[in-house]
Amino acid sequence: MPKRTDIKKIMVIGSGPIVIGQAAEFDYAGTQACLALKEEGYEVVLVNSNPATIMTDKEIADRVYIEPLTTEFVSRILRKERPDALLPTLGGQTGLNLAMSLSETGILNELGVELLGTKLSAINQAEDREQFKALMKALKQPIPESDIVHSVEEALLFASQIGYPVIVRPAFTLGGTGGGICTNDIELEDITAKGLKLSPVNQCLIEKSIAGFKEIEYEVMRDSADNALVVCNMENFDPVGIHTGDSIVFAPSQTLSDYEHQLLRDASLKIIRALKIEGGCNVQLALDPNSFDYYVIEVNPRVSRSSALASKATGYPIAKIAAKIAIGLQLDEMINPITGKTYAMFEPALDYVVAKMPRFPFDKFESADRHLGTQMKATGEVMAIGRTIEESLLKACRSLEIGIYHNECKEFSLVDDQELLMKLIKAQDDRLFYLSEALKRGMTIDELSQLTKINPFFLDKLLHILEIERQLSLEKWQKWPLEHAKKYGFSDKKIAELWQASESDIRDFRIQHGIKPVYKMVDTCAAEFESQTPYYYSTYAFENESQASPNKSILVLGSGPIRIGQGIEFDYATVHSVKAIQAAGYEAIIMNSNPETVSTDFSISDKLYFEPLTVEDVMNVIDLERPEGVILQFGGQTAINLAEALDKANVPILGTQVRDLDRAENRQLFEKALHDINIPQPLGQTVTNEQEALQVARRIGFPVLVRPSYVIGGRAMQIVTQEEDLLTYMQSAVKVSSDQPVLIDSYILGQECEVDAISDGQDVLIPGIMEHIEAAGVHSGDSMAVYPPQNLSEDIIQTIIDYTKRLAINLNCKGMMNIQFVVKDKTVYVIEVNPRASRTVPFMSKVTGIPMAQVATKLILGSSLKELGYEDGLYQKSSLVHVKAPIFSFNKLSKVDSLLGPEMKSTGEVIGSDSSLEKALYKAFEASYMHVPDFGNIIFTISDDKKAESLRLAKGFSALGYRIFATSGTSDYFLQHQLKTQKIHKIGEQSDHILELMKSGKIQAVINTDSKNGMMNRDGQLIRSIANEQGIPLFTSLDTAKAMLRVLESRSFSIQSL
């Protein structure tokens, strides 16, 4: 069927900010879809609230709205644009839920807007647990024994009938949000209550647990003519019971017989056909390892995280094909862009093994509950490709960037046998490394399989890796064992450890003996047809399929897996850098390990290498390609951390040179640079042991800010107020040594602001100055940022411009740099300089109209700012006000304290733009799901040092008609100052205490600040935890609460008697 001509304009809904369970894969999918629709001649309108996306660039759609993804705002855009159709299936769970909501309001019918891709009935059948259960019964597809509940009492009754364990699955939620495995009544009460609260339709499925079965996924496509195919099948390393987003996953499935594969394939195709889905769909199934019995677990009637993985694993562009199916094209009418010959109806075939490994945030959140279950906790993932399971697994391990380069963790050898058993039975994020340790201690595959329910086949692969290690240890400096180990994915670094040599010694020996990787093409057809797409992975085999180009090329290093502190913003910068390289006449080569991102879409660069970002793997690509140079400054700290080793290997680093990178990152050199150009910074010093730390803190005075050097996202950064806390920090938070010094600075409580600057070595362009709403002490990534600044005097602005220029010139910056300032008593201090692109680049690019990463790349390649049409100094400011607001995923991470501080905790961001600060703030709060009504009840629980400041705030809320509740100390203070307050009991004082009030549903917001006192801290953490669980807007910074008050005041009318 030819494409539809009765529709001309299509609105695409994006997925909004990055949260756990919904990350960069939707930027990749949305970008592909918008470009595919434009390619077919449709007018595309995009709405998304996330500025850190390629999808929201002006070139991707005909009109782009970066507005809150709420029914209110999307309805306004629908009325303004009057599209013929709406495509919600590329916006994740957010897109689906929004489509449902818009349909319920009647606006789609009113405006005659058709829903494309997947009909509402299909969304309902897949997402509504009751309808899904009925459909599976009608299809005679087995599902676990289950019941739909709308109350905790119903859940308890059903569990008493079928027995524990049971799994709770809330309807219409993302990444298993609110769900979990329950083994008793107490757990079931708790998880069901949360699940019902988080489900937009107040519905949960309680099902008999089948934890321990194999978990298999099928990524399927279907068109309007009922043509359907399986793009990819995947098998989880972990059994059912651990969310697939938190599991290691292999593609294709490794342990299925042909009969089992056909059984599950047929079931998946039957389901997509019954749902009449037009586009992509993900089917998750559980297979009994001891029989042919299987169960259907879940169906996602949309493009998902697994779709992105399947696309990158096979090369089949699922989102692009899904978008074209939505406008009427059929699978047998579309050419597969990888081969350029076969049709999209042709099922991909793989002659390699893909491993996906999740990246967890527990290096940031040491207090978090690391146990894995049905609720997702990973922030990102890596993918690796090899010819064997062992090779792809070991490549994935060293892609994670968690300080390991093999499937082992050295510290685990110190764990006693009893603890090791517990770590194996109760799965955590690091179970893979405990499995390796258990095998080293002589545990058998059968024993481990019994304990973990992991298939013996996978455990045998781990044992094989161990056998290769032993062989290497016995036969040092021999060619055959080295070659054998490289074929199975061993890194030079691991071999160096086993041979007691340096990594460079192993590399030299390897090259001397002709042991080099070859690069194979990802072609969707197992080399049956010639492929046109230069998308490669390394392996140690015969025949290299990647030939170095005769044209001049530049290698750009990506930023690896998404984690807190280094997110999608860096991928945005990478993609823009590639565009500029190509525009300058060079071939652009990307190297990255993240399957979720736009940068690893094979159509973005001239060549894509899907490889770990380690010195060894990068040098292997450089040896083959011989690029003119390597660009590091868009790959976040991942790429910057490789600079020194690449420089030592005489690799040309383009942009700011390594010696100047070191002058910005090394504390003593940086202090000298600031001193030389007469720029003030907080008093501070580098220390290498506990005694030095105490001496420095005593000299500069408490409070102090302590942090390790060379980190991103403020990892392990703390404000310390007393000597005892400083010692605790030095002993537990960091590994301190002369190689890994700790920085101790005087903590200045002032107005924080930051600048992204672009320099050609002569002139310095400052696109704009961002002013933080929260005072210094809250990490810049967790602060709300306003552009243009609203409260900085002209003198302060001029000083910031002056200091930025001086720093850029002194540090010989070529390209981008980010500088953070704090202003106190009219003095501007420099807190930090990052000699690279920062996470604010997409935001500032969008609000100023300057394609910052492209401009910086052109400067790196030799252009000047003047040649590009830019002047030295501050760029003209925007007529609108723009607010960037952070997004957190605390509801997925139990036991993580949501109190904001110097260590970054946010996973994503949104933007609010309008003609005034109040309107922009309102949009930013709405986009970040911080909806506070015009009146209601608000709780204040405030530390002593903040009571005076909070009084003015409480009076403001009271004047608007809010009823003020406060814990005893705060209440007494408010009453002394004539503010009417309802006193509530602290935790444990009486039965009707603060937590019960919060669970009652009568509270509209909680304002909580904390002291460093241990008892207060525990109570405060519990209050914050309950607020997050109950979905109550929580403010832990008075500055953020003041911003919300300002919004509410701007929307209220004054009411006065005569």
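Positions of Cβ are set from backbone N, Cα and C atoms, glycine also.
Annotation comment: Swiss-Prot describes 1-401 as region 'Carboxyphosphate synthetic domain'.
The domain 'ATP-grasp 1' annotation in Swiss-Prot covers 133-327.
What Swiss-Prot records for Gln284, Glu298 is Mn(2+) 1 binding site, and it gives sequence analysis as the kind of evidence. Gln284 (Mn(2+) 1 binding site) carries a strand DSSP state (E or B).
The feature region 'Oligomerization domain' is assigned by Swiss-Prot to 402-546, with sequence analysis given as support.
The region 'Carbamoyl phosphate synthetic domain' annotation in Swiss-Prot covers 547-929 and rests on sequence analysis.
According to Swiss-Prot, the domain 'ATP-grasp 2' annotation covers 671-861, on the basis of sequence analysis.
Among the features that Swiss-Prot reports, ATP 2 binding site is placed at Arg707, Ser746, Ile748, Glu752, Gly777, Val778, His779, Ser780, Gln820, Glu832, with the record citing sequence analysis. Counting every protein chain shown, the number of other Cβ atoms lying within 10 Å of the Cβ of Arg707 (ATP 2 binding site) is 20.
Under the DSSP three-state reduction, Glu832 (Mn(2+) 4 binding site) is assigned to strand. What Swiss-Prot lists as Mn(2+) 4 binding site is Glu832, Asn834.
Annotated domain 'MGS-like' per Swiss-Prot: 930-1058, in sequence order. Secondary structure by DSSP for the domain 'MGS-like' (930-1058): 62 helix, 21 strand, 46 coil.
According to Swiss-Prot, the feature region 'Allosteric domain' maps to 930-1058, an assignment based on sequence analysis.
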- Message: Looking at the binding-site residues listed here (Gln284, Glu832, Asn834), whose Cα lies nearest to that of Gly777 (ATP 2 binding site)?
- Response: Glu832
- For ATP 2, with binders Arg707, Ser746, Ile748, Glu752, Gly777, Val778, His779, Ser780, Gln820, Glu832, what's the maximum Cα separation in whole Å? 18
- Note on the structure: If you measure between the CA atoms of Gln284 (Mn(2+) 1 binding site) and His779 (ATP 2 binding site) and round to the nearest Å, you get 39
- Measuring Cα to Cα, tell me the gap between Ile748 (ATP 2 binding site) and Glu298 (Mn(2+) 1 binding site) in whole angstrom. 51
- Using Cβ-Cβ distances, find the residues under 8 Å from Gln820 (ATP 2 binding site) that belong to the same chain and are at least 6 apart in sequence, listing them in sequence order. Glu752, Cys753, Glu754, Ser780, Val830, Ile831, Glu832, Val833
- Query: Which residues does Asn834 (Mn(2+) 4 binding site) neighbour through Cβ under 8 Å, counting only same-chain ones at least six apart?
  - Reply: Ala664, Met817, Asn818, Ile819
- Task: For His779 (ATP 2 binding site), list the number of other Cβ atoms lying within 10 Å of its Cβ atom.
- Result: 22
- Message: Let me check the 10 A CB neighbour count of Glu832 (Mn(2+) 4 binding site). How many other CB atoms are there?
- Response: 19
- Query: Taking all residues of the domain 'ATP-grasp 2' (671-861) together, what is their mean pLDDT?
  - Reply: 91
- Within the region 'Oligomerization domain' (402-546), how many residues are helix, strand or coil going by DSSP? 77 helix, 11 strand, 57 coil
- Message: DSSP secondary structure for His779 (ATP 2 binding site), reduced to helix/strand/coil, please.
- Response: coil
